[in-house]
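Undergrad: Below you will find the structure I want to go over with you.
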Amino acid sequence: MGTRPRGVVLAPWAVVLVLVLALRLAGASHVIHRSLEAEAAPSVPASIVSPLLRTGYHFQPPMNWINDPNAPLYYKGWYHLFYQYNPKGAVWGNIVWAHSVSRDLINWVALEPAIYPSIPSDKYGCWSGSATILEDGTPAILYTGIDRADINYQVQVLALPKDASDPLLREWEKPEEYNPVATPAAGGINATQFRDPTTAWRHAGHWRMLVGSVRGARGMALVYRSRDFRKWTKAKHPLHSAALTGMWECPDFFPVSGPGLQAGLDTSAPGTKYVLKSSLDLTRYDYYTIGSYDGGKDRYYPDDPAGDYHHRRRYDYGNYYASKTFYDPVERRRVLLGWANESDSVPDDKAKGWAGIHAIPRKIWLDPTGKQLLQWPIHEVEKLRGKAVSVDAKLVKPGDHFEVTGIATYQADVEVSFELELEAGTSLLEKAEAFDPAYDDDAQKLCGVKGADARGGVGPFGLWVLASADLQERTAVFFRVFRDGHGKPKVLMCTDPTKSSLSPDLYKPTFAGFVDADISSGKITLRSLIDRSVVESFGAGGKTCILSRVYPSIAVGKDAHLYVFNNGEVDVTVSGLTAWEMKKPLMNGA
């Protein structure tokens, strides 16, 4: 246990970083899509890894494929992040748990892979899982192992630190006398749809963990209980399930503080409200509900039963999947991590030598209404801010735009406050377009019809990011206000990358979500993190979040520009805008 398996060769960059770290010390997506089938290809040489559109400050290894974030935790002064990684190429396959450590969740140093096939329970794969801090302060990892060839037969495996005194947790062992700790053999469980154990929580003398599964088309979170964290027994019923949702990948379950309270809670702490999240294999999006937990019955009850179906909320309305939270005891917050896959082609990924990034870590908490979560980039990312430029009280007339100059905007953090300017005696709703209720459950489709170039009443207004000087290439992040059937404003937030690149063979979907915000004052805010091939945006203080991958061919590096635009019929004032260049952190040796 804990030794590197034959055939897993540590790349030179990792060796160097281990030495550097020694001196300093003195991932859902498990379905094997045919387009992502792993090949028996050698590792990609660093010499052909293309830096052109590699992110500057988002998490990624120097090369090859990554997907789900796994088992984030804080231990003895270090943040740990494990993640699904292919050491042999830029496509899915050959998965091991790569391992990086950080003091601040922004600057990362890579260690050797922590978990890899080494016992019968995981001989054919080590898929996603979670970490739990036990009562004595020792971390434990539960993850999904594949123990049979060709059929992806899934079992749950326990791993423990070989040396709990090591703050870097470099070696892990898997006690064969206990593993696998859970199998699909009993209870009529589909053995190929049984994965991704959660962080466990303790209640009434027993540990509980969830494992994602499906029965027919009903997705569910199965409950397992244990007294000693080694021998687990399946409960008679799931914590929760929902019809027609398909397989629940990467479930997550945690308590939240009261409405408006930003302090996070440890997973075993009692909470008045709980969040249950599932990554739906059918849609490849992350959904959550807020509700209550009955610890005696091990049942979860969403506050809004329709939240399992038509009124489902998403962490992010863009390219964001297989997310995982953890409680950060240092900052007393709950932190959300997620995976953003590429949306170019597999040949493109092979050519550039890398695929997949992680979103900037986000702090999440319950909003004052208690009906949704708010998300915001962790404050540590602001340490990367460099040269800044500001714009104040700038009027943008209908059909106009202006450029934000003075900094390099291909790697930037932009915060902007908009204020709608109405003529005396004119209300916001008079100018707003009527909302078609056919789009009530499909903001993304509405954005596809009412994109950034479709002139409207109140909006679209927002940012053109990663734009070329001639605007042939541009990605729009914007708001548009409608008037619903009850005479109330309905706010759409959208990222429209349909003109983001002149390159062919790119997947360029619009992404959108409705913003549950009071815009009667005419004011709304937007923050966008721009990083070469990714745009992460946060509307109305984190009520709606959208991550999009884009691949400009002209608006690259110093040739990328930033604009504010208004394609509505109402004047818009930029009451305040600040944009910062973002520096590159220490990133796994890249």
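For all residues, glycine too, the Cβ spot is worked out from N, Cα and C.
So Swiss-Prot says this about it:
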SIGNAL    1-28  signal peptide
ACT_SITE  Asp68  active site
CARBOHYD  Asn190  N-linked glycosylation site
CARBOHYD  Asn341  N-linked glycosylation site
Undergrad: Neighbour count first, Cβ atoms within 10 Å, every protein chain included; then name which of Asn190, Asn341 tops the list of glycosylation sites.
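TA: Counting Cβ neighbours within 10 Å, the top one is Asn341.
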Undergrad: DSSP three-state call for Asn341 (N-linked glycosylation site): helix, strand or coil?
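TA: The residue in question, Asn341 (N-linked glycosylation site), is coil (DSSP, three-state).
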Undergrad: Work out the three-state DSSP category of Asn190 (N-linked glycosylation site).
TA: coil
Undergrad: Over all shown protein chains, what is the count of other CB atoms within 10 A of the CB belonging to the residue listed as 'active site'?
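TA: Here the count is 30.
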Undergrad: How many whole Å apart are the CA atoms of Asn341 (N-linked glycosylation site) and the residue listed as 'active site'?
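TA: Checking the Cα atoms of Asn341 (N-linked glycosylation site) and the residue listed as 'active site' gives a distance of 10 Å.
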